[in-house]
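J.: Have a look at this one before I ask anything.
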Amino acid sequence: MLSTIQPPRYLSRFPLRGRTKSRSFHILSSAQPVTKTCFAADQSQILSIRDSLLNRHLSAVELTHSYLDRLKQTEPHINCFLHVSDPDKVLKQAQDIDDKIKRNEEVGPLAGVLVAIKDNICTADMPSTGGSYILEGYRPPFDATAVKRLKDLGAIVVGKTNLDEFGMGSTTEASAFKVTANPWDLSRVPGGSSGGSAASVSARQCVVSLGSDTGGSVRQPASFCGVVGLKPTYGRVSRFGLMAYASSLDVIGCFGSSVADTGILLHAISGHDSLDATSSKREVPDFTSQFTYASSLKSRPLEGLRVGLIRETVDAGVDSGVKSAIEGAAAHLEQLGCVLKEVSLPSFSLGLPAYYILASSESSSNLSRYDGVRYGNQASSDELNGLYEESRAKGFGSEVKMRILMGTYALSAGYYDAYYKRAQQVRTIIRKSFKAALDENDILISPAAPSAAYKIGEKKNDPLAMYAGDIMTVNVNLAGLPALVLPCGFVEGGAVGLPVGLQIIGAAFDEEKLVKVGHIFEQTLEGYNFVPPLVTDVGGASPEL
């Protein structure tokens, strides 16, 4: 049984010495030591890179050149990035890593790993616009905590990725600057709002990437782009440096081409942060400690795991191809030893309207800071109110304006109890229903979206249809739970089909179980290759030994 998530061709050309042996690989865990991982390097691009660098089979400069070449060739087709790091600066960082290795000095566990960062996550040395004209050219004086932790471990930031403005959208079409395409079919959307981060990993422009998830903005694009996306428990990862959309829902999430890489990335950025009062003080476990070789898995490695398929997520309104793929994934889990049953969450359909009321209400408050005085580009005006009006009218796009107005209305006198207060009551009901379901099941599963990626422009003028696409994901944010999405099959569309993602939902702070189940699932799912044709067609320069 082999992993179906294949590494880029230029990595697979480099046989790693001692590949059957594991390497001690310590990941940041809020200053907590972690145990040695026990899975093969070829199940993870991150570990393959580390093994290649330390065994001198590949230099960081060669590796970086190959990624930059691929990015240069694919970027005109897909438009993932709003800002690409200066190649000379990136190569200088790679050279510093090579020099340390030559001197037998210790390098960080993410040394040489190229990471893309969603542009609503602050970076000190490059623009952070949130995909909005109002912040065009803005350079924060600090790194977000998640970014700082990655840099401290040796990761190299390759650029800032495109997004729906301030995270408000499901297609990346609401960006003020450009529209990102799906690497599987350039006429289709990559999902959103983290479409640039998902597409950049899918197109192998970087190794891993960071996104943000308020109502599904990591998981839905992961499904559309055929990559792994992980939304952590609220509070697992510091939100310091993440531009606030809906503060009680926002989390920073991870993208990778395998569950292993996504788990490693999450481990690197997790842990309490004194700069974020909402970050949890819980000890961060080693998410990779239970990963094993594919060859050492038992015939039923998930024997006895209780899995609940959420009935409301495979009812009417879900594309038949998506439903078939999810049913196939459920059958595969049964073959792995899981005990599968349908569970009903009667409040599930209430999550979508409650989410949009709460998220819009919080955004109307959070975005008030962008007034042209405290933050944002300033319009010229003779008096203060006019300055506010002009700065916001020119700086915000139509989707952001609409959500601010919706939120302000929901919070206004006479409507607060009817909308905002009631939405909070629904949120409590949803939390209780998920807790009850997870008390009886180890994990819950569902599609990540009711359809595969749709055409660019198809739903741009129909916001209600676009919002309905979030029905599979918003409840998880309302409940504050972790969820993993990984590709499980295809539906018709494009040149070779369009990927479908399976969503696996766990109890709060139980990401370790999610990555364990996901890792076994992807290793044993045979007959699929989740590398888009764009990667094969474009290729990219490969370093030679």
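Cβ atoms here come from the backbone N, Cα and C positions, even for glycine.
Dumping what TrEMBL says about this protein:
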ACT_SITE  K118  active site, charge relay system
ACT_SITE  S193  active site, charge relay system
ACT_SITE  S217  active site, acyl-ester intermediate
DOMAIN    62-514  domain 'Amidase'
J.: Looking at the active-site residues S193, S217, which one has the fewest other Cβ atoms within 10 Å of its own Cβ?
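T.: Looking at the active-site residues S193, S217, the Cβ with the fewest others within 10 Å is that of S193.
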J.: Report, as a single number, how many Cβ atoms besides its own are within 10 Å of the Cβ of K118 (active site, charge relay system).
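T.: By my count, 32.
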J.: Tell me, roughly as an integer, the mean pLDDT over the domain 'Amidase' (62-514).
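T.: PLDDT averaged over the stretch: 96.
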J.: Could you state the whole-number distance in Å separating the C-alpha atoms of K118 (active site, charge relay system) and S193 (active site, charge relay system)?
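T.: Here the two Cα atoms are 9 Å apart.
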J.: Do me a favour and check the Cα-Cα span between S193 (active site, charge relay system) and the residue listed as 'active site, acyl-ester intermediate'; whole Å is fine.
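T.: It is 5 Å, counting Cα to Cα.
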